[in-house]
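What Swiss-Prot records for 137, 216, 217 is Mg(2+) binding site, and it gives sequence analysis as the kind of evidence. The domain 'Reverse transcriptase' feature in Swiss-Prot is assigned to 43-269.
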């Protein structure tokens, strides 16, 4: 017989497929090695670490549906660059994720090599055909992930040690906890239960249950009606308690197909594949109808408000595409007929963006990461000008100016 709980990594070593692991066994121990891995100089790494805390993170308050406020932070540009590199060069490149984790999981780094998009739709699909579902919500997840958990992620999964380890732990936390709004936080949150979560999943599978976690949402399902989840819920609560992670009792519930259609991450799972609830499709249709009425009014399609409403509506239609809904192509075609149109305001915004690039280029910044982002964003802003012949001359002028400002 084979070994059902292990798989071979790239180095030919047997790895537990219920735990995340690194493709590389080479330890990163010094700032010099970290600098090489991230392509950021040691001097720059030190300069970023020495930024005042209130410059690294700027507090923002976002209203929640229940009337309370969510505290998030925006990053200093240099912190954003550093954390982006950590994500790209370490989490995305090196970590192989077990199949029960969804959200911040690159599809290419799947332990099953399935190359499936690991988003909320794929997560819901794992539970299709369920007749009883347990949902456990972790309360204020990021705010309760202590630096000790962050350290264990970098040290035990990624073999990062010594001064490189302490540096990364400091960069990825604020006041000893993970930061809501930091680029690295969702990866850390996805990985931080690695030491014990695999054992809970094994227990679930032995009982014929399906276990998934999408960041802070744990879902366990059974194809048996009125399944008793008390033992499994106890295992999950113990796992979270051991990591000092509180459960949101209000959002932790058991759902039965006999009483209502079962939904996971907003999608119905009482079919062979995930479906949007019928009332959601009706709301999308109504939204398109209202947008058409708005588009018929003079100059509306050039307004900021219309553009915002169009993008929101397109996002909802794209959800239909993700679940292969029969109305997707029809709704998309209707929206494409009423796209937002350019205005003189767009010309002014693009002109200002190119002037800013010209100034940055003259100062020799064309090899900087932030310069490339500004350049790409400016090109993106120009797309809307292609929708009107009236702006053809301006568009060609902008293209000509940008051609001499390419990043290195």
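Note that Cβ sites are derived from N, Cα and C of the backbone, with glycine treated the same way.
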Listed in sequence order, residues not in 137, 216, 217 with Cβ within 8 Å of the centre of the Mg(2+) site Cβ atoms: 135, 136, 138, 141, 214, 215, 218, 248, 251
C-beta crowding around residue 217 (Mg(2+) binding site), within 10 angstroms: 20
Around the Cβ of residue 216 (Mg(2+) binding site), the count of other Cβ atoms that are within 10 Å: 20
